[in-house]
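Asks: As listed in TrEMBL for this protein:
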- 69-87: transmembrane segment (TRANSMEM)
- 107-128: transmembrane segment (TRANSMEM)
- 140-158: transmembrane segment (TRANSMEM)
- 170-189: transmembrane segment (TRANSMEM)
- 196-216: transmembrane segment (TRANSMEM)
- 228-246: transmembrane segment (TRANSMEM)
- 258-284: transmembrane segment (TRANSMEM)
- 304-329: transmembrane segment (TRANSMEM)
- 336-355: transmembrane segment (TRANSMEM)
- 361-381: transmembrane segment (TRANSMEM)
Amino acid sequence: MELSAQQPPPAHNQNRQQDYQQAAYEYSPAAACFIRSVLAKIIMCSNNKGGTGRVSTRSQMQAEFGKRYYMILLGINYMCLFLGSVSSSLLSKFYFNHKGGSRWVSTWVQCAGFPLLLFPICFFKIFTVRKSFTGFTPKIMCLSILIGLLLGVNNLLFSCGNSYLPVSTNSLVLSTQLAFTLVTSMIIVKQKITFPNLNCVMVLTLSSVILALGSSHDKPIGLTKAKYFKGFFSTVGAGLMFALYLPVMEKIYQKVDCYAMVVEMQLVMEIAATALATVGMAANGGFSEMKTESLKVFDLGPKAYWLTVGFNVVTWQLCFMGTAGMVFLTTSLTGGVCMTALMGINVLGGVLVYGDHFGGLKAVSTLLCVWGFCSYIYGIYMNMKEEEKEEEKKTENCREKNVKKMNSDHIMELAEIVTHNA
């Protein structure tokens, strides 16, 4: 099952995290001791794919608390992904619809909000005794920078696609990344192929093919066929790169101690992506273009322009941080499926907000997306039930063995007593 596919982290990481949690509890002021200990457990939650977090096995009660903290953190990250994905997609289209035309500006805002990540990092520092960037090695730092540069290229491809395609078409084309994610997950993290996995990927890929075949009438007014296909293939390229990013990050996260370190890695990657976008902006006169665009080009005025840019910066950080958290807490494939589940919301948003065309083929494509996601969730549910039955069976077998051993020991004691009396 995808939620338990990743190998458990090394034992010394577990001991380190328990030390952090214990220290956070012991050295906190009495009035805030309980709150600090709870927040510390949530922050220091690790990527134990069993869904129970990284907690001590001393008692069943501690295990249940760990599972609760894990689910809280998982819910927070999916909410960030949900809000960030839908809002950033609509705001990016809003920017282009109102005569914003700089693809470098659209690329830059996707990563320029990295200073916002300093707030959770400072928050972690307050509620735990863990020092920031603890556990960072030169290898992890170099990998974070390299992946950040690749994310910068991915952001540029996404901006090109989003500037030419309607939101609904762009979102549905991006769903093809799930098929690529499955392949790359098989190669990089040895993802097991199950029927729900394969069915989900095939159905979502089919939905994208149907969309492509019926999308010739879906071009906005004034968009040439060449630009339309440029946007289409740019979006496919963005999906390919992101499909590579997800399993690579899952592989790296196997060596990560806790969620706080995930945020710190995300900060390094976003800085690298921002550096790349800034160089591109400077080389193409993007910063002067922003000023000109806000004053003379954007048809809603400078105030609306800078509000659009500012909200875009915030929503993109929510989207990327939510994605990173989902991959860390589950798997790359599960993270990809959760992102695909939001495609239907993006399609609905594009239709309701911008009046994108929603014909029969696009409706069929959306239904196939929903079908594929539901089959995947059902497969996870069935696997969870099977694992619960196996655990119950093992527990029952252990009890039977213990009872037999106790009976055997009792019989031996009686036999010794009888022999002694005789």
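Quick reminder: no glycine exception, Cβ is built from N, Cα and C everywhere.
For the listed features, I'd like the structural context: burial, neighbours, distances.
Replies: Sequence-distant neighbours of the transmembrane segment (140-158) (same chain, 6+ residues past either end, Cβ-Cβ under 8 Å): 103-104, 107, 110-111, 234-235, 237-238, 241-242, 244-245, 248-249, 252, 255, 265, 268-277, 280, 320.
With a threshold of 8 Å between CB atoms, the same-chain residues lying at least 6 positions outside the transmembrane segment (228-246) that come near it are 147, 150-151, 153-154, 157-158, 160-165, 169-170, 173-181, 183-185, 212, 215, 219, 323, 327, 332-333, 335-336.
Tertiary proximity for the transmembrane segment (304-329) is limited to same-chain residues at least six positions away from its ends with a CB under 8 Å from its CB atoms, namely 45, 47, 70, 73-74, 76-85, 87-88, 91-92, 94-95, 98, 100, 105-106, 109-114, 116-117, 151, 246, 249-250, 253, 256, 259, 262-263, 265-266, 270, 290, 293-294, 298, 335, 338-339.
Remote same-chain partners of the transmembrane segment (336-355), defined as residues 6 or more beyond its termini with a Cβ less than 8 Å from a stretch Cβ, comprise 78, 81-82, 85-86, 89-90, 93, 97, 166-168, 171-172, 174-175, 177-178, 181-182, 200, 204, 243, 246, 323, 326, 362, 366, 369-370, 372-373, 376.
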Asks: So what's near the transmembrane segment (258-284) in sequence-distant terms, Cβ-Cβ under 8 Å and 6+ beyond its ends?
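Replies: That would be 17, 20, 42-46, 54, 73, 104-105, 107-108, 110-114, 117-118, 120-121, 124, 128, 130, 132-136, 140-141, 144-149, 151-153, 155-156, 252, 317, 320-321, 324-325, 328-329.
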